[in-house]
Amino acid sequence: MLAPRNTETGVHMSQTEADLALRPSPSLTSMGPTRLGPPPRRVRRFSGKAEPRPRSSRPSRRSSVDLGLLSSWSQPASLLPEPPDPPDSAGPMRSPPSNSKEHPEGTWTGAAPVKAADSACPELTVSSGGPGSREPPRVPDAAARERRREQEEKEDTETQAVATSPDGRYLKFDIEIGRGSFKTVYRGLDTDTTVEVAWCELQTRKLSRAERQRFSEEVEMLKGLQHPNIVRFYDSWKSVLRGQVCIVLVTELMTSGTLKTYLRRFREMKPRVLQRWSRQILRGLHFLHSRVPPILHRDLKCDNVFITGPSGSVKIGDLGLATLKRASFAKSVIGTPEFMAPEMYEEKYDEAVDVYAFGMCMLEMATSEYPYSECQNAAQIYRKVTSGTKPNSFYKVKMPEVKEIIEGCIRTDKNERFTIQDLLTHAFFREERGVHVELAEEDDGEKPGLKLWLRMEDARRGGRPRDNQAIEFLFQLGRDAAEEVAQEMVALGLVCEADYQPVARAVRERVAAIQRKREKLRKARELEVLPPDSGPPPATVSMTPGPPSAFPPEPEEPEADQHQSFLFRHASYSSTTSDCETDGYLSSSGFLDASDPALQPPGGMPSSPAEPHLCLPSGFALSIPRSGPGSDFSPGDSYASDAASGLSDMGEGGQMRKNPVKTLRRRPRSRLRVTSVSDQSDRVVECQLQTHNSKMVTFRFDLDGDSPEEIAAAMVYNEFILPSERDGFLSRIREIIQRVETLLKRDAGPSEATEDALSPQEEPAAMPALPGPSDAELQRSISPEQRSWAAFSTSPSSPGTPLSPGTPFSPGTPPVFPCPIFPITSPSCHPYPFSQVSSNPCPQAPSSLLPSSSGASQVPFPSPSLPTSSPLPFSPSYPQVPLHPASLPTCPSPPPLPSTTAAPLLSLASAFSLAVMTVAQSLLSPSPGLLSQSPPAPPGPLPSMPLPLASCDQESLSAQTAETENEASRNPAQPLLGDARLAPISEEGKPQLVGRFQVTSSKEPAEPPLQPASPTLSRSLKLPTPQLTSESSDTEDSAAGGPETREALAESDRAAEGLGVAIDEEKDEGKEPQIGGSSPILSQPSPVWMNYSYSSLCLSSEESESSGEDEEFWAELQNLRQKHLSEVEALQTLQKKEIEDLYSRLGKQPPPGIVAPAAMLSCRQRRLSKGSFPTSRRNSLQRSDLPGPGIMRRNSLSGSSTGSQEQRASKGVTFAGDVGRM
């Protein structure tokens, strides 16, 4: 027991000694009495919690530092003999061990390191430390709480919306996810769908108001775009951000980065990934370009192609921002130079710029190198791009297929680049769906049925299709659908239902590829057929339009360079074609107005109001005197003069053409047309310009605010017109402004126009002698809201009489129109024929029922279209046709017109058909008295009415006209003017030059004397029914009705007012023309196709020289004509039947005269200019006019004449004796 005590005592003593050594104040002797009572308790308190922390911790720290020293001191003290202690001191010395049971042994020695550790880890002292021991852990706890508080505040900030859309649907959070040069993108939320969106703020402070408005309109257009490869546009609005106006776009949120970030991360793109993503980009571009109007991205690059994480597909983004970027930074960098096509620098671009940018994107994806990275600045890039130098990275492309595609996309000439459709059908981008469709037999390009093979890949044979296990099927173009064929295969068990979509897609793509190939071959053939530019195009393929199954796209042929002022315009306002007419403009009255330059004398030859005007209800006979080439003026010159074009290279006025080759010269030049006129708020005219490089530019100008000089300067600056064309463009714009102002004034006072229509004598005097577009051309472009009353067709009327808004109009109801009024003036004073014909009903009742088939108006009897909107259209080969003194009643006031006069001024109630124009090559008669042999047009039955004749005897006119008709009817088999054919010209006789046209006259029959006839013509006029079936005619009519007898024809002829140049030719059978009304020339000719006699339908001297005497050419033309006749007839019959079925299904009664859409399509007529056009465009430009009800017209302007009366009768077309005959 003593040893432990000694040990414990030794330990205790060593501790005490240590304390004493550290504390120099008290001695050991003085400590004895102090340890009698309280010291042990103090020792216990020292080990307990009573002592303050400084006293308890200080020894602990010191013992830990001096542990080794204290241990060394305690060891010798235990070995030395102890001095004798007082007996009373043993108790206190032993008291600590007695109390040491509460604390384990070694509390002071062994606990010393523990306390040292506690000093390093304060949290361990909490269990035994004093009150101050909680302080050290409180410091890190506060920092953690601060961090948690900041995190919560940040989360609250991020989840709290800082802005909302005007409708409250979209929320903006203050989380920036992207920033560009002019935009900042934040995270947003669609509260309706709870889908995150991208909130884009676009700075527009540098934009003008017009540019801002334009961009807003583009964004509005982009909202409706939904495609899997297009970033969705949800909404947009204007907002004010920090006092600045900005545009906010809400788009689909793309969180997986862009192609640019992908290339930075992976550097190299695998071929299959390149193929798949490139195909998806192409699909997105194809979707944009197939919109109407096409949407151009204009800033396509890898930074704007986003990747969707879940599906791994790509989407094209930043749509519509290129315009804004160009406007904002026009003075620095326009777009992204590395991806900009050469034409982008000129700001003249189309869909091809996106193809160029796509090629650069593919180049970057294939090489992971930025295009033109070798260039130091944008100027070097510009020089390389415009010079056609490819970037250096192009030569690093390893895959030949990819290199070929890139090369085809980045060509300098945009016309040589691939199209999106070409790229989608390229083998590299073709999807492997395990289904292959191929032709079972070679395609000849003609058969409507395709024999195809469907092969399915066999997984057991390495993906190769099985041999001799193809499914052969027949696909009818235009009738079968790929989905229907695939469904039939599924129903028959040939393919499984899971393969329905791949099979349908494969069939659809193969058929589309075959059709594209056929179209290319067809165009190539047409280009081969086209003659050289030295001469006019022959009337071959250009006159054989295909069956008009649907409205074709508008051909790009504006009118600024129309080198002939046609006297006849298209006057159709049917609801089907009113918004898609090409150039058939109308005046407010629907016909040529008095201010039409085609009806005016040239400059320096003013019209004389004192000249008497002979009012002819339907027509009058004309003599055909021989006219030598030395005549001062010819109708050919008048007809072909380019008064309507400010850019004309033709002579003005009555000057004769010195160089006929110059007339039909072709060169690239701008063409201008008026598309719309609006006077709702501002008087705005919209025009369409075809530039010298065949680009279409649509522009508008204010009649009051814009000057022609400013417009011309802008056009020259933008290189839309050449500087050499500026003067012509200026004059053209001035003429358009004058015509539009005249038209708008006339529209403002229709009642005045109606009053003016009653006085035809005053009208020609007011005609300004200004060449330019006629008011008739501008009328069609008047907006429908201003022309709600304009849905009428061409019909005779007094001039300037507008159709009242309440006038009912339907295709089957024949409107009642007054007879046309024609001023007959002296040829010496009026080289241009006048026409005061209007298509609107005159308020007066003395009007005859003159039906018209132009537009939608139909006549209830078998009569071809009889529009009266044109005077006599003189074809290039048409001879001069002055009035014969004996053929028409002469008035006391006008001097007699000698037969030797070279330029008679004629205005007929209806223009001659193309048959007359083409036959006119042989119409030049040697004697001036040939009028009696010209059969007048047999008019239709008209109610009795007084015929207004200006200072002329109506009875004498009727008598003389009837005499002519009797004479003509008595010689039905006698050839009128010989065998007249369009080409080859095989008539005998020396060709003579009429104006600038070479005309050959063959036979000159004797001139029979005129015989008196009954004057009953004035009481019963019959409607002229021109059955025009010459080479140029497109009116092979088939009507319900039996053939007319010769007597009925003669009676019909006697009722005419003497249109004397009625000739019909029968080229196919080689027959002589029948005089007894075999091809009576219309007093109401078909309005539209007469326009084409000048440029392509009749042989002028140039055409004769260039085209030659090729018989095979015309034989082929005849075959094409017959083919198209049958196709159009079948189509029109089918469409008419479908319309009747539709009416029956709707429970309505079909209207009396149903016109099939194919027939209405023929109203889309435009005048042909001298410009060089491919044959396909000429096909689309030449379509016949609407036939009358019951008349089935063939839409072919080509072929030979088959116009004998017997042939017409065999085709069911008759000249009705009265209105009710059908």
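Keep in mind that glycine also has a Cβ here, set from the backbone N, Cα and C atoms.
Swiss-Prot marks one residue of Ser278, Ser332, Ser589, Ser1162 with the annotation phosphoserine, and that residue is Ser332. Within the set Ser875, Ser1014, Ser1079, Swiss-Prot records phosphoserine at Ser1014. Here Lys301 (ATP binding site) is positioned 27 angstrom away from Lys172 (ubiquitin cross-link), judged by their C-alpha atoms. When the Cα of Ser181 (ATP binding site) is compared against those of the recorded sites Lys238, Lys384, Lys1136, Lys1137, the shortest separation belongs to Lys238. In the predicted structure, the region 'Interaction with KLHL3' (554-564) carries a mean pLDDT of 36.
Comparing Cα positions, Lys1136 (ubiquitin cross-link) lies closest to Lys447 out of the recorded positions Glu252, Lys384, Lys390, Lys447, Lys451. Look at Lys1137 (ubiquitin cross-link): DSSP puts it in a helix.
A simple Cβ count within 10 Å picks out one of the binding-site residues Ser181, Thr251 as the most packed, and that one is Thr251. For Leu253 (ATP binding site) paired with Lys1137 (ubiquitin cross-link), the C-alpha to C-alpha distance reads 53 Å. Cβ contacts within 10 Å of Lys238 (ubiquitin cross-link), excluding its own Cβ and spanning all protein chains shown: 12. Look at Thr251 (ATP binding site): DSSP puts it in a strand.
For Lys1137 (ubiquitin cross-link), the spatially nearest entry among the recorded positions Lys183, Thr251, Lys390 is Thr251, judged by CA separation. Nearest Cα neighbour of Lys447 (ubiquitin cross-link) among the listed recorded positions (Glu252, Met254, Lys384, Lys390, Lys1123): Lys1123.
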